[in-house]
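Trainee: Below is one structure. I have some questions about it.
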Amino acid sequence: MARLVSTALMRGLVRSSRAPRVAAVSQPAIQQFRNYSPGLGGDSRGSGDSSSTRVAADPDTHQDFQPTSKSSNMSFDDIVAQDIKENPVLIYMKGFPESPMCGFSALAVKVLKLYDVPISARDILGDLKLKECVKAHTNWPTFPQIFIKGEFVGGSDIILDMHQKGQLKDVLGDIAQKHEQKESS
């Protein structure tokens, strides 16, 4: 593959030195490269194929490897409402608490971990519909979005400010106590 691209580049450079027009790589070589390399054919997900793949259930295939349906009766609004209701500290963030994918999400997790509270999180990068639903629910355009005791608090800047002013300790105090009691039992 590298040889194909290299040869095409060299041919294009040689031609361009002879002709007044500039052409680095011939169109057929680019097309061959795109067909060979996944993710370069215009598919932003990196799969190289913009159409979905459907696999028919094969009776010879083990049940664990047969296709499954991902449909659910819950809407994204229901999922967000349930998340907020069931989790005392919830972050909608880029990545996960163990591996944040942006500095603001990392900062929010770092500040909340200072209080030894259980942190629940959802990665908004995994589902853009969920991301848009959360933004509509809070009317807040950026992430992370942090909920404490069912109330939207804000982003990492607000959590940091509350921490620096000593307000976060008051808000998270009873959650930390419940968490300690649960662990000691």
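Yeah, the Cβs are placed from backbone N, Cα and C, and that goes for glycine too.
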Trainee: Swiss-Prot records K131, F143, S156, D157 as glutathione-binding residues. Which of K94, K110 is assigned to the same site?
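Mentor: For the glutathione site that includes K131, F143, S156, D157, Swiss-Prot also lists K94.
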Trainee: In the domain 'Glutaredoxin' (77-179), how many residues does DSSP assign to helix, to strand and to coil?
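Mentor: For that range the per-state counts are 58 helix, 21 strand, 24 coil.
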Trainee: Out of K131, S156, D157, point to the one nearest C102 ([2Fe-2S] cluster binding site) in space (Cα versus Cα); all of them are binding-site residues in the record.
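Mentor: Nearest in space to C102 ([2Fe-2S] cluster binding site), counting only the binding-site residues, is S156.
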Trainee: Can you check which residues sit near K94 (glutathione binding site), meaning Cβ under 8 Å from its Cβ, same chain, 6 or more apart in sequence, and list them in order?
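Mentor: Listed in sequence order, they are P100, M101, C102, F104, S105, D123, I124, L125, F143, P144.
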Trainee: Looking only at the domain 'Glutaredoxin' (77-179), what is the model's average confidence as pLDDT?
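Mentor: Mean pLDDT, the domain 'Glutaredoxin' (77-179): 93.
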Trainee: Where's the emptiest Cβ shell within 10 Å among the binding-site residues C102, K131, F143, D157?
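Mentor: Minimum Cβ neighbour count within 10 Å, taken over the binding-site residues C102, K131, F143, D157, occurs at D157.
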